[in-house]
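J.: Sharing the record's features from TrEMBL:
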type	residues	note
TRANSMEM	37-59	transmembrane segment
TRANSMEM	65-88	transmembrane segment
TRANSMEM	100-121	transmembrane segment
TRANSMEM	200-225	transmembrane segment
TRANSMEM	264-283	transmembrane segment
TRANSMEM	303-327	transmembrane segment
TRANSMEM	347-367	transmembrane segment
TRANSMEM	379-401	transmembrane segment
Amino acid sequence: HYNRNKPISDLEQCSSVAENGVMLVVNHSRVRPPFGVLLATALYCAEFVTAAVLCSMYHNTEDVIWMSLTIVFMLMPAVLIQLTLTFIHRDLGRDRPLVLLLHLLLLGPIIRCFEALVIYFKAGKNEEPYVTISRKITLKKGQGTQMEWEIGQKERMLATHMNAFKRTAVIQAFLGSTPQLTLQLYATIQEKYILPTRTVLMVITLISITYGALVCTVLAIQIRYDDYKVRLHPRAYLCMIVWRGLEIATRITALVLFSTALTYWTILVAVANLLFFFFLPWVEFWARKGSLTQNVEKNFSKLGTTVVLCMFTLLYACINIFCWSAVQLDLTHQELIERKQRWGHLAMYYCGRFVENFLLITLWYFFKSDFYEYVCAPLLVVQLLICYSLAVLFMLLFYQFCHPFRRLFKYNVHDCLHCACCHKRRAEEPVELLDTQGSQPPDLTSQLAERETDIVEDLMEAA
């Protein structure tokens, strides 16, 4: 923090370069609208209200099972979201009875969204005497430049709200929307008719899941490249939407179809996936013989820290059941996220998931009920496999052409595929990232010079 006594003109800002090569940018008061907060709040309210209406309809038709499960998948993420927002904003130690009351009424996201909007409209109107200096590296055509920005108190408060809603969007997507969408699609097939309210709920949940998966991908980039400023190009968002949408829709459809033919075996598949991804970070933790991070919360005991880490790994497991989480957990690290990109894990996940989806769809094909006699089952199997293949294709396109830090990759997707197909490279040569402060390999300089990047804004400010 420092005290700002007088403003500096924009011309002086652009030309103010320190002796150490750091460009000083001041009066950076332009704040982006909190679109992410608005979208997360809208999805939360829309899904909750639609699910409540559907529960009322189930009650009128005496569908007790569908009603009970819908209520569970409606309330469980809502309660977890209230706890998450309260924990992030530390409201338990503050005198805010109205906010706590609204959280008890499951209306916490609405009041938080209102607070974020108030902060946004007040930001920049009054000059703040004390600001925080943020130093980041900006990339322009492969060249990194360190720059400094002033971040005022209002901007920091707004960033806290935006980061909190990113976490709640992930919780809403994978602890509420995914089981809700799976349940409603299964109910539609079992009841053999389309209910308009149920269709609306399925569409909302699919949008929520896709948005949650996008948030996971962006958060992974932000954590791995914390020293850099980044703004994803619109084509990157479009590529991620297609990638995540196809991946999630295909996965849920395969699980639902399999459950209609072999219901009890579906429980075994789901539990096996959940236990595998839940214990995977803990097995790696025990193999490294590390110690639990003590920075989760200062007031937590070892038991409290363990409980929080278990909840975190549970969320991680739920994400990986339906799509790639884009991160690997490291329980010994302060941020609980491993910064190094493990391409081998990415390849093994998608290869394994493709084989699993193929087996599930094949078993459904041989054990399907008479309900599908008017459906071209072989064509449906082929369509699902093609859709998942397209999801993998768009994922490769994202890392090859749309990833904001593809210039920092030692080898890109094209190099990996060329190596796998032609076997001209040594098998033991790793595919990894360069150190963010290092230089580019000389043999890729000519290729990198032909590519373009457009990174000029902070990911923290992007919705």
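Placement of Cβ uses the backbone N, Cα and C atoms for every residue, glycine included.
Help me picture where these features are in the structure shown.
T.: Panel annotation: around the transmembrane segment (65-88), residues 44, 47-48, 51-52, 54-55, 58-59, 100, 103-104, 106, 108-109, 112, 160, 163-164, 167-168, 171-172, 175-177, 179-180, 183-184, 187 of the same chain, lying at least six beyond its termini, place a Cβ under 8 Å from a Cβ of the stretch.
Long-range contacts of the transmembrane segment (100-121) within its own chain (CB-CB distance under 8 A, at least 6 residues past either end) are made by residues 31, 33-34, 37-38, 40-41, 44-45, 48, 75, 78-79, 81-82, 85-86, 89, 91-92, 154, 157-158, 161-162, 164-165, 168.
Only residues 6 or more beyond the boundaries of the transmembrane segment (264-283), in the same chain, are considered here, and those with a CB under 8 A from a CB of the stretch are 255, 258, 313-314, 316-318, 320-321, 328-331, 360.
Packing against the transmembrane segment (347-367) from elsewhere in the chain are residues 250-251, 254-255, 257-258, 260-262, 269, 320, 324, 377-378, 381, 384-385, 388-389, 392, 395: each is 6 or more residues past its ends and has a CB under 8 Å from a CB in it.
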